[in-house]
Structures are given as C-alpha cells and as structure tokens.
C-alpha cells in the first residue's frame, strides 16, 4: 500500500460513524482464546475476519471456528478472508483439535464455518460432519450450528452434487443450518463473485426439504448500495423458502482492495429493518450495525 493509499484508508476509518466504534473486549479473554487456537494451529472466523464482536462472544462462551484452512478458493469482493492462491491440504486432525479447543474454552455453543473449497471432491461437506462428531464426543452438551458455503462446483458440480453434500450435513443434525445470501439479488454478482443468488436460496430450501425441523438462518450485509425495497424483496425470498432466522449488519470495508462502502445505515434504520423482518415472520432477528451472522447465536 502506498503512502497515499494508506492515508486514504485511514481517512475512511476516521469517517466511520460513532455507532461503529466499540471496545473489543477484555484482553485476558481475547488472549486465552487466541493462545488455545494458535497452539492447535486452527482458525476462527472471529480472528480471520477481525470481527468487532469477538470479545463479547468469547465472554459468552461462543466462538465460530473456520474449517479447512484460512484460504478461500473464491474471491468475494467484501470478505477479509485470505484468497488468491492455492489453499492448504486438509488437516485430518482438525476435527479433534477443534473439539479439544471447545473443551478447554468451555464453549456451550459453537458455530462451524469454512472457506469455500471448490478444489475438494465434496467441497468439504464430510469434513464438517467429522468435526461435528469429534466435538460431540468430547463435548456432549455443546450445541453446534453450521454456517456453510453453497457446496457448488468442483467434482460433481450441479444440483445433484449440491443436494448430496447438504444432505450429509443435515443428517448430522446441527442445531441450526446457516447459509448467508449476503446481499440483494441485483448486487450478488459484484459482491459475491462465484456465487449466485438463487443457488444460495436453494441451499436453505434443501435443508427444509430434507429435515423441516432444523432451523435455517441467513444473513444480509448492508452498505453496498442496496435499497430498502430490495432488502424487503430478499427477506421475502427467504421467508418463501421457510428461512426461520435472519441477521442484518453493516458492511465495513476491510481494505482499499475491497468494495467501498456506499452508505452507513443508522441504528434507527436497522431497527426499522428488524421490525419489517419480524413482521414477515422470522422467529429470530438480529438487526444492528455491528451484527454478524454468528452474533448471539447461542441465545436463539
């Protein structure tokens, strides 16, 4: 980054509204989690994505583990996660390492997510299941939510392959199945390169088809240039496929290489969006500037 680029990015950070600034949490809680994660050479999206809520979540005994390495095979224009080069081979011991970390941290609720791994035979679906099994062996009282990619691409690409991979995870019975559509239909192309809006809806629809008892969840980030009408359309699309839970948060630009923020939505606007979502029938809604997809997940 050049000096002028650095100055530009610093000015953008300075211009962020006050409601997006908050303390990160107790240093002792952060360092404990970071030490255990580093010792086991595993990853959390809390750290890789620099989540502003990680201190609060750690204090509430929740965390979101990032499976299959920190490098994604896709190049979404909003995401902080590493991308642009070949990902690492899978660690066959990762499930056990995550289970041990859950035990040491005394976590009551765990979210498992992953980078997209289009290079793998089953996109990593079996790795999710293996990790869930390992966690349950050591932590039988811990609930597990999954936040998955769309499982499209690679060998066996297409609807049948996607269905088979999702079925594998549904049969492992997560406490909640989350897949984020991230943005409105019009902006999916520029925001989520390599993803398709209807393909993401299909993920959540398949979960309900395979097991209607499993709660489904999705998330939207605002600030890309969407309108309220487009957000209502997206929420309607989610309700039409039986999606139960919704999170809405503010997009914050991680670097100059990412999409610029078009608008900072106010807390009052988030309250309005949350009210609309609840009126549509979502059973659990989190809508606020700093909300992320796993925010207060254990309270749902």
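For all residues, glycine too, the Cβ spot is worked out from N, Cα and C.
Per Swiss-Prot, the features are as follows:
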BINDING   46, 51, 57, 294  [4Fe-4S] cluster 1 binding site
DOMAIN    58-283  domain 'Radical SAM core'
BINDING   72, 76, 79  [4Fe-4S] cluster 2 binding site
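The Cβ neighbour count for residue 294 ([4Fe-4S] cluster 1 binding site), using a 10 Å radius over every protein chain in view, is 27. Its own atom aside, the Cβ of residue 51 ([4Fe-4S] cluster 1 binding site) has 21 Cβ atoms within 10 angstroms in the protein chains shown. Taking Cβ-Cβ distances under 8 Å and a sequence gap of 6 or more within the same chain, the neighbours of residue 57 ([4Fe-4S] cluster 1 binding site) are 46, 51, 63, 64, 294, 295. DSSP classifies residue 46 ([4Fe-4S] cluster 1 binding site) as helix under the three-state reduction. Taking the Cβ of residue 46 ([4Fe-4S] cluster 1 binding site) as centre and 10 Å as the limit, one finds 26 other Cβ atoms among all the protein chains shown.
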